[in-house]
Amino acid sequence: MTVANTETHSAAKPSSTIGPWKLGETLGFGSTGKVQLAQHERTGHRTAVKVISKSIFNNNGNHSNDDSVLPYNIEREIVIMKLLSHPNVLSLYDVWETNNNLYLILEYAEKGELFNLLVDHGPLPEREAINCFRQIIIGISYCHALGIVHRDLKPENLLLDSFYNIKIADFGMAALQTDADLLETSCGSPHYAAPEIVSGLPYEGFASDVWSCGVILFALLTGRLPFDEENGNVRDLLLKVQKGQFEMPNDTEISRDAQDLIGKILVVDPRQRIKIRDILSHPLLKKYQTIKDSKSIKDLPRENTYLYPLADSNNHTSASIDDSILQNLVVLWHGRHADDIVSKLKENGTNKEKILYALLYRFKLDSVRGSNKKNRNKIKKTKKNKRSSTLSSSSSLLLNNRSIQSTPRRRTSKRHSREFSSSRKRSSFLLSSNPTDSSPIPLRSSKRITHINVASANTQATPSGVPNPHKRNSKKRSSKRLSYMPNTKRSSLTSKSLSNFTNLIDDDDWEYIEKDAKRTSSNFATLIDEIFEPEKFELAKREKAELQRKVQEAKRQSVNAQKINEDEFGSEVSDGMKELKKINDKVSSPLINYEFSQQELLQDIDTLLTNRYQLSSYTRPISRLDPGLTPVTETLPNNLKEKTALLQDTEKKIIETIRRSKFLGSLLNVRGGLSPGKSELAPIEESPIVSTTPLIYNDRMEPRRISDVEVPHFTRKSKHFTTANNRRSVLSLYAKDSIKDLNEFLIKEDPDLPPQGSTDNESRSEDPEIAESITDSRNIQYDEDDSKDGDNVNNDNILSDFPQGVGISQEYDMKDKNPNQSPISKSAEPTLVVKLPSLSSFQGKNASGLGLYQREPSKVTLPSLTSNNSSVGENIEDGAEKGTESEKIAASLSDDDLKEDNDKKDNDTVNAPTTVKKPPNSVLLKKFSKGKILELEIHAKIPEKRLYEGLHKLLEGWKQYGLKNLVFNITNMIITGKLVNDSILFLRSTLFEIMVLPNGDGRSLIKFNKKTGSTKTLTKLATEIQIILQKEGVLDK
């Protein structure tokens, strides 16, 4: 193509528009350039623009003096792509070029590549896979019938439109196949290339395309490739392809028909390979074939169309050659003599002239068929205001395009610049050898086409009927209209001949050149204008289809959005119900017939009085004193407002009762030990709440509230509740001075008691409550003063702790174990004597304050407890202020350490303690001098490995009850974890470690270590584990 000088514009910034197309976002990159989304400025139609750099042409051996001239093979390739008009072949709409790039305006496939569909969804169902495969075979059959082979078929080059129809794209490797010549270029992808291409042998392109289709079918049905190497070794892959070595899927993966078709396609010998038309008649494709598919197959051109382009529908050879198509071939071959082309068309065998003739002839038939179908039921009316322009010129003007130079070029270019570039309409040409019997080729959009009357080649003079070439060549209104579609805008070239159009190409003042965009070449542009005309009707049809697609897409999105909203609403409701159920299950109190909120205490009292339910002793009451429960707040019913005065009074009494129960719960046995002469207290039986009458208090003898006495508190487990219950009671210690003077207080209470040194071991061992209370009080003082005066503390004076119990089912009653026991006494300075509160109001059978949580004493006998008699040291500093004692719980020691501690105490005491062996199934506790790590031990009679596995499963099942961060060290048999403070047991957060150690003779030992946190929490955990082991019968008796 001849290009005018545009150096002043070549360095400019690349334009965002090419002709009428406005370039947009980049869709992807290829080997020859990038692909951008484009939109028509007037119609809004979207296309894909493939940008090809001209530097590729120069690198491929194009050494023309004019760089803007495209190679002939590129021009032919573009014409072939345009002439391939099939629903399953990607359409080429237009071609534009600049100084540096070539722009191919292609059909836009919205759903992308078939490869991405397989990656996202995996193998397709057989019906969908066969529908896609059938469209691929039909499109390739169309190309093969016209002598075109693709040679690069793969899922990446198969695109999908908005309706998931196949569009075969990327004809960059395509070639014209003839019988005389075999192809030799090795091209394509290794996974899809045929064995003959991989081997480097001359091959027939039709058979190689069939092999690629077989690989694609395998991928559609299985989601993988038949020839592949996991390590990426291309050499091994090519060897597999050469041998045709692959694994056929079994019947469970694909059907027998699919196995048969794949076996017939993937044959190494191309001569034995199934033909493309035979695939369409295979039972697998016939299984899912529809009427529409049958029609598409029927509309395919003859299989040997490229061999006999001059044959008619009955394969009878026709000697006549269409002159208009012949002239187009002359234009395409850049002035090649027509006789030479005619001889090529009539000779035997195949050649490129026959293939191009067949393509143009097929294109012409499709255009005529489409035009006749649109105008079948229309009545043509004569329009007086419409004109018909015909151009007459001699064939000499066609053959010598630059022979007419009668007027200055400047004037001619200006006139045609206004007529062409300003309207941005492209010209249409149809070359005809006979002005009377030649007919225009109507394009698919039925745009108006002006045909040129070409006279005899021997006539050199201009006919008298031809006007001045620089004036408009229009006839009168009475001239007969030759366009097929009425009411279409005129878009024809108003020059006298092709010679004048060629001269305009060389003009520098063209507006196309000013906008840095031009057509490819003069002769090539002539052909492109004829077959690429973007007709108005075609664009309107596309706009209508696009609008319908958008409306359907909007409806589909609306339905999907509504469905998603409904699903989200349903999931939210379901999640809310599950969360509510979890909350209800987590609440330990029964929820039967609770009509109102559980937050307010008045509602609880009214419900208890109304229903009179026998509550289980294993449940915890719900009240405002319990911080772990926060139910939903609701308003009180109207009938309860009348009882406000009575309920307020009752509320105070209930609260005082609860406080007194916590204040006095652990002092019952202490009081019994201090008064050995009094009668035994009968055990309190489990009974429902039967009354809320005011309790009788002795104001002179008992403090009414805990806040009345400023004392430190030490929380421990009450003996009046079952071990399954988590209630705690508070033992009041009257200042740290009372710790020293407790023995003197006991002596004053009963002066006949013997001194501490004479206390018999049996009496001391039967009632551990007093010793435990004193020990706990002593521990509080020691823990607080440990950091300050640790050097002054004598560890020998600290009493040894006693076991807290053997299990949750073993309980202490409130009887005096021995009425004649001797209390501990100690000489000290006299201090103020404070009377402990009496329990007269709770000794009755129907007492309402504590009866709810009591149960009958367990029949399991308690093990005898070992105690050591030692004096309480007085060397603790008195500088600590009153009320600052903390609840730090001492660490524990093993049995051997306890004996060593007792031996050390023997040096300072008169009477050596008598040690009684503890039961092996009890939890052992000891206290270090300054340590803060608690150790508990449980003995079992099974091997340590079996015991560790049982603990592993047990603790895993307790994760939902507050056990977190469990770490299992199988090698060392160590389990570490944490009990969080928001657990269902409402215990303090504690970090613990459990070790399973061998104990000889197939026995084992569980050792609990408290790292940080609460001793009470660790003891609770050890006790619960001990109960489970006792039920399983694995405790060491």
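Cβ coordinates are placed from backbone N, Cα and C, and glycine is handled just like the others.
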**Study point:** Of the residues SER255, SER464, SER707, SER870, the one that Swiss-Prot lists under phosphoserine
**Key:** SER707
Exercise for review: Out of SER55, SER396, SER456, SER809, report back the residue that Swiss-Prot marks as phosphoserine.
Suggested key: SER396
Study note, to complete from the structure: From the set SER313, SER574, SER777, SER864, Swiss-Prot tags as phosphoserine just SER777
Study note, to complete from the structure: phosphoserine per Swiss-Prot, picking from SER589, SER675, lands on SER675
Review point. What mean pLDDT does the predicted model reach across the domain 'Protein kinase' (21-285)?
Key: 88
Revision key, fill the gap. Across all protein chains shown, the one of the recorded positions LEU27, PHE29, GLY33, ASP152 with the most other Cβ atoms within 10 Å of its Cβ is ASP152
Exercise for review: List the same-chain residues at least 6 positions away in sequence whose Cβ sits under 8 Å from the Cβ of VAL35 (ATP binding site), in sequence order, or say none.
Suggested key: THR26, LEU27, GLY28, PHE29, ALA48, VAL49, LYS50, VAL51
Exercise for review: Rounded to the nearest Å, what's the C-alpha distance separating GLY33 (ATP binding site) and ASP152 (active site, proton acceptor)? Just drop the number here, would you?
Suggested key: 17
